[in-house]
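*Asks:* The structure that follows is given in the form of structure tokens.
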Amino acid sequence: MAAAPPPPPPPQLQSSDPSTPPQETSQVRKGKKSRGAKKPRRAAAAAAASTSSAGTMVEDPFLVLAGGKEGGFLELEEIDEADFGIFGGAVEDLGEIDRKAGKDQKKKKRKKRKRGDDDYALPGDGDLVVECEEEGEKGEKRVKKKRRSRKKRKVKEMEEKMESKEDVSDDNVEDMQDGNDMEQDNNDGLILGEDEVYAWRELRLHPLLITAVRRLGFKEPTPIQKACFPAAAHQGKDVIGAAETGSGKTLAFGLPILQRLLEEQEKAMRLSREDESTQDENSRESPLRALILTPTRELAKQVCDHLKEAAKFLRIQVVPIVGGLSMEKQERLLKRKPEIVVGTPGRLWELMSTGNQHLIKLHSLSFFVLDEADRMIERGHFHELQSIIEMLPVTNGSDEQTVGTTPSCETVPILQIKKRQTFVFSATLALSANFRKKLKRGLVTAKASASTDLSSIEALSKQARMKPNAEIVDLTKASILPEKLEESFIECSDDDKDAYLYYILSVHGQGRTIIFCTSIAALRHLSSILRVLGINVLTNHAQMQQRARMKAVDRFRESENSILVATDGFARGMDFDDVRTVIHYQLPHSTDVYIHRSGRTARKSMAGCSIALISPADKAKFYSLCKSLSKENLQQFPVDHAYMPAVMNRLTLARQIDKITRKNSQENANKSWLQRNAESMGLLLETSDSEEERVQGHKQRKATSANLQKLQQDLSELLQRPLQPKTFSRRYLAGAGVSPLLQKQLEELSKRNVKGSASVNANKGSRFVVIGQDQIEPLQALQNSGQEVCVSIDKQREKRRLAENWRRKKQKEKKSTREQKRKEKRIAKERD
């Protein structure tokens, strides 16, 4: 708003002397040319000053500003973003703003000193200079015109800046995703060509998701992804999917979720451009849209990482919620209102029961996912899953009822309120013929069956209120295990399992290897023995802290020849690049666990090897396992028994060392426990041992320590030498029997002995540990010399029956021949 224009100068200030010399006028004109528009300001300022000094009453209270920098009128001040530290909506640090403001003030003061005090003098200073007395009314009109044009320019500049800011905020996704990030990825060489992802375009995948797929390097969808995506993303159906491990089930449900959320965001953006109030309301709240449950913490983090990679350039947040980590930190993550939450049932229910607002407000939940559902339904596990399912809002498939039954639907846009989709994925699937009829009945009696136990995938799907038209995708009928998986076994005793395992790791230890145990005690024993033998192994089991488990997983991913010893909890869904070998140190208790164990290798159409160590006590379980997998023949892993004596020598020393160290550590732990508890209770420990017993104990400990050092030294000497077969002799080397490989190995061994630098590191692929044999992967050894053995119980029984019949037949023939000979002898005697 502008104030009234300043009045003309009073008559006493106008020059009334006609004898004014013309030199003054010329000086004024020169000043006008040099100082531009500042002359009218000084004239108005002089007029205001003279008026105030004359004591006249000024009606306009803002007239005193006529000579200031404001230009004689009031207007909205134009804010410079740089002056207030605002860049793209973000405010700089206040201290930095103050420092910048101080620098600007100093610069202005320096300018004042250079120009002189008369340029910035305020009315009432008493020493104003009048320079344009002869201009009169023409000068005032010129000043007003310049002020109007200046005001229009400022308003226009402000409008342009505001429009540019709105454009940046509205097109933030397109500019960021299609601009800088894409350009950076292209420069890095991580994106495939557009013609290489034609199969994804046929599925009508969102362009931003196609960009993510190109960046991840997925040229075409896997069969499970191709089958599930149209039904889930475009038809809005529930999906029950089953496929072999490593087939891409995570993106099979992850991409439809991201597709739907992106489409809803685009609709919301279009509506917000038409109605600004809707945009303000939508920007305030981001409700929970997708809840994904997994049985293990590692799998939850892996699923979260995969979804984050797919949604890297999207305005969609994905947060993992698992046990073993700080609840306070996870609550802070949930305060950000992420659209997708991936977690385990235990920690999710713990946060729900404490009243976390983001998790209990499920009115806008559009996706509910159960990954590895066959593990979820095991009896005695995941009681929290049933409680979480009971908290889900009841919807019968109509949008109107969903809106009516939502208590706080005012904060959720209508386009976000969708029929909830339920996804159930597993590596195994067993559904009855009338499963769809059960689902139809389950929708009516969902509340009545809420108290039933989740004993099967059918019961789980029924309680999760899946719709009768759910899409069932079962790709496990032909082959449950990966196609390129080579299965094998080794028959040995329980005591020899360690020896054969060490043989595999030392002779064929190439590539990443996972060793599975059924018990934590066996895992600890095995990892301790392998570490004594110089093999650096990683461990992962349920009694470890979550940070240690995550660290072990990261270290396993980093090294190409790493070895991990884990329990069955690690067998579910974990995806590692290029795991070459899986070893079953102990057979699992069920076929499903065996499938998940073996599925850690041969993923993404790559080859892999599985080796099972079978003891006499495991034979019945092993044959039952083969029968359930419809396997009649299985390859027996080739073992060169000439190396086993050298392996047993090392293993014997390692077991003795491990036994002594375990005993010492147990004694130290007991002593520290007694001392710690005695100190906490304020008691003094008294030893009842006599002096002789103490001396005897000291001597025994000293002898044990000396024995331990000797054993360690002997083992170190053995480990410094390569494994030698029993028939190998260094004294008598037949020239004809020395192969080029053996000759090369002997030359290398002699060089090492001369240099004195022989060392063994079990995790280096270039190490030399075996004489007479080149180090190859177990898969290659199995393909080269593996022999198929019948593992079918029925066939073995048939073979035994045939062998028994043949034996009886032979016995009868022998008996008949003997009787025939006796008769002939008797007849011959009678004749004589």
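Each Cβ is built from the backbone N, Cα and C atoms, and glycine gets one as well.
The following feature annotations were taken from Swiss-Prot:
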REGION    1-59  region 'Disordered'
COMPBIAS  43-55  compositional bias 'Low complexity'
REGION    91-173  region 'Disordered'
COMPBIAS  156-167  compositional bias 'Basic and acidic residues'
MOTIF     198-226  motif 'Q motif'
DOMAIN    230-447  domain 'Helicase ATP-binding'
BINDING   Ala243, Glu244, Thr245, Gly246, Ser247, Gly248, Lys249, Thr250  ATP binding site
MOTIF     371-374  motif 'DEAD box'
DOMAIN    484-645  domain 'Helicase C-terminal'
REGION    800-832  region 'Disordered'
COMPBIAS  814-832  compositional bias 'Basic and acidic residues'
*Asks:* Excluding near sequence neighbours, so keeping only residues 6 or more apart in the same chain, what lies with its CB under 8 A of Thr245 (ATP binding site)?
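*Replies:* In sequence order, the residues whose Cβ lies under 8 Å from that of Thr245 (ATP binding site) (at least 6 apart) are Ala427, Pro482, Gly573, Ile595, His596, Ser598, Gly599, Arg600, Arg603.
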*Asks:* Which number gives the other C-beta atoms within 10 angstroms of the C-beta of Ser247 (ATP binding site), all protein chains shown included?
*Replies:* 22
*Asks:* Compute the mean position of the Cβ atoms of Ala243, Glu244, Thr245, Gly246, Ser247, Gly248, Lys249, Thr250, which form the recorded ATP site, and then list in sequence order the other residues of that chain whose Cβ is within 8 Å of it.
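*Replies:* Not counting the recorded site residues, we get Thr222, Ile224, Ala252, Ala427, Arg603.
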*Asks:* Note the mean pLDDT of the domain 'Helicase C-terminal' (484-645), expressed as a whole number.
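*Replies:* Across the domain 'Helicase C-terminal' (484-645), the average pLDDT comes out at 92.
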*Asks:* Go ahead and report the DSSP secondary structure tallies for the compositional bias 'Basic and acidic residues' (814-832): helix first, then strand, then coil.
*Replies:* 18 helix, 0 strand, 1 coil
*Asks:* Cβ distance under 8 Å to Gly248 (ATP binding site), same chain, sequence separation 6 or more: which residues?
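*Replies:* The list for Gly248 (ATP binding site) reads Pro221, Thr222, Ile224, Gln225, given in order along the sequence.
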*Asks:* Which secondary structure state does DSSP assign to Glu244 (ATP binding site), in the simple three-class scheme?
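*Replies:* The three-state answer is coil.
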*Asks:* Are there any residues at least 6 positions away along the chain from Lys249 (ATP binding site) with a Cβ closer than 8 Å to its Cβ? List them or say none.
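*Replies:* In sequence order, the residues whose Cβ lies under 8 Å from that of Lys249 (ATP binding site) (at least 6 apart) are Ile224, Gly241, Ala243, Asp371, Phe425.
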